[in-house]
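Enquirer: Next up is a structure, given as structure tokens.
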Amino acid sequence: MGGKRIGAEAQSVIGQDGLWRTPYFLPLWLGSFVSALADSAYFIVLAWFVLHVTHSPADLGLALLLASLPRLVFMAIGGVIIDRLSPRVVLLASLALRAVIMGVVCDYAAHGLSHALPVYVVAFLFGVIDAFYWPAQNAIVPFAVPSSALARANAVIQTSQQLSMVLGPLLAGFLLQVPQFSVIFAVIATTYLFGFIVIVRVRLRQKTHMAAGRSEGLFRALTQGIRYVLHLRIVLFLMLASMLINLFFMGPVNIGLPSFVQDHGWSGSVYGYFESALGLGAVAGGILVGLLNGMRGHFRWIALTASGIGVGLAITSLVGAWDLGIIAIAGSGLAISLTDIPVITYVQTIVDENMLGRVMSLLTLMSVGLTPVSYGLSALAIHRHMLTPQSLMLGGGSLVAVLCAALIFQPDFRSMENHPRWQQARLSKDSHGGKSLL
């Protein structure tokens with residue numbers, strides 16, 4: 001992995017003038033934020049376009065399923081590619097491909113679309129790209145900032161990505177008032193292109209070890225990554241917990257919520273407001289994580305914050321006015337950041353650098369591993385009238401709340417902050433006298 005090494009000089013900059021003076025952090029943050037903004041707008045447009053054309057939650061479920069399945073197939077392989085090449089290269093390739101795909105869809109939309117088939121193809125292609133993009137996004141940060149600034153860098157980037165969940169749906173809601181879908185897709189394509197141009201400027205430091213898997217087979221390198229995770233019991237446990245949480249949350253919130261909005265006779269803009277509230281809550285959670293120093297020393301609280309993800313969704317399903325529902329779903333967003341950001345920083349800290357791409361890919365894979373199943377079951381339950389959107393959200397949220405609260409009884413979870421590298425990182429941060437981020 002080419003680029004300049006971030007050494008003692010950067011460490012000094014961190015201590016004196018803050019994270020924003022770290023070389024290459026600003027373009028990394030800006031590119032990540034713009035890309036996340038485009039993703040958020042794209043997701044809302046995709047969901048509403050399918051419902052607009054087909055009026056079928058089952059078809060929406062199919063589109064989301066097509067976007068999710070490629071992640072299962074390619075995400076683990078993506079981790080090997082990231083370790084062999086560079087997360088920067090993978091990010092740039094992903095953004096370029098997204099811009100091209102949106103440009104093609106823009107051309108199709110300009111000539112008129114009478115069915116959702118082209119969107120299904122786009123959803124599948126974006127799923128393939130996501131399999132490489134998201135692990136690279138999480139793996140790149142430790143190579144762009146000093147270790148003493150890692151928690152703060154994650155807080156800024158993750159909070160900004162959650163902010164995109166506020167601005168993206170608002171942008172999508174505004175664009176959805178325009179009858180020409182070609183205009184919407186053109187804006188999204190331009191946003192991806194801008195993200196590409198910005199991240200081109202980012203340079204990363206060298207790994208402390210040789211890039212893994214360059215001289216060995218793809219399967220063998222992947223197997224090494226799996227064995228490595230199996231050796232780290234707490235990382236394996238976090239992966240399994242994340243998988244179960246997503247099973248009971250992703251389908252109800254992404255299939256149930258838009259259908260819930262339609263059942264109440266609310267507009268697409270109201271659906272955008274719900275998604276924005278979810279993102280706004282996550283932004284507030286990211287700020288709170290920064291104020292709490294990444295929740296270092298308080299990781300047992302994560303059991304309660306993760307439980308809040310489900311509580312917010314369950315309460316949303318019980319309201320009859322959309323303004324009250326927005327408050328409840330914002331609570332879920334708050335809990336998401338209070339859970340995700342500390343866990344990501346923890347994994348980045350304790351994992352070997354030459355394994356980071358594969359571990360982040362496996363973590364992301366486990367996070368979304370049951371998402372296609374969740375989408376499929378949620379869409380099937382609503383389509384066959386086994387569950388209403390309201391009962392789907394209530395049941396899924398309640399299960400998430402119970403499962404997450406039970407984390408506190410797991411011994412590995414309770415002792416996770418005793419890991420030597422986590423303790424060493426704390427001493428390094430204290431020795432540099434890092435300032436509070438937010």
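Glycine is no exception: its Cβ is also placed from the backbone N, Cα and C atoms.
Just lifted these from TrEMBL, have a look:
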| type | residues | note |
| --- | --- | --- |
| DOMAIN | 1-207 | domain 'Major facilitator superfamily (MFS) profile' |
| TRANSMEM | 28-50 | transmembrane segment |
| TRANSMEM | 62-82 | transmembrane segment |
| TRANSMEM | 89-110 | transmembrane segment |
| TRANSMEM | 182-204 | transmembrane segment |
| TRANSMEM | 225-250 | transmembrane segment |
| DOMAIN | 235-438 | domain 'Major facilitator superfamily (MFS) profile' |
| TRANSMEM | 270-292 | transmembrane segment |
| TRANSMEM | 299-320 | transmembrane segment |
| TRANSMEM | 326-347 | transmembrane segment |
| TRANSMEM | 359-380 | transmembrane segment |
| TRANSMEM | 392-409 | transmembrane segment |
Enquirer: Are there three or more C-beta pairs under 8 angstroms joining the transmembrane segment (89-110) and the transmembrane segment (225-250), sequence spacing 6 or more?
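Expert: Per Cβ check, the transmembrane segment (225-250) does not touch the transmembrane segment (89-110).
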Enquirer: With Cβ distances under 8 Å as the criterion, find the stretch in 28-50, 62-82, 182-204 that has the most pairs with the transmembrane segment (270-292).
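Expert: Most Cβ pairs under 8 Å with the transmembrane segment (270-292) come from 28-50.
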Enquirer: Considering pairs 6 or more residues apart, do the transmembrane segment (182-204) and the transmembrane segment (28-50) have at least three CB pairs under 8 Å?
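Expert: Contact between the transmembrane segment (182-204) and the transmembrane segment (28-50): present.
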Enquirer: State the residues, same chain only, that lie 6 or more residues beyond the ends of the transmembrane segment (392-409) and have a CB under 8 A from a CB inside it; answer 'none' if no residue qualifies.
Expert: 241, 244-245, 248-249, 251-253, 255-257, 260, 300, 302-304, 306-318, 378, 381-382
Enquirer: Averaged over the whole of the domain 'Major facilitator superfamily (MFS) profile' (1-207), what is the pLDDT?
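Expert: In the predicted model, the domain 'Major facilitator superfamily (MFS) profile' (1-207) has a mean pLDDT of 80.
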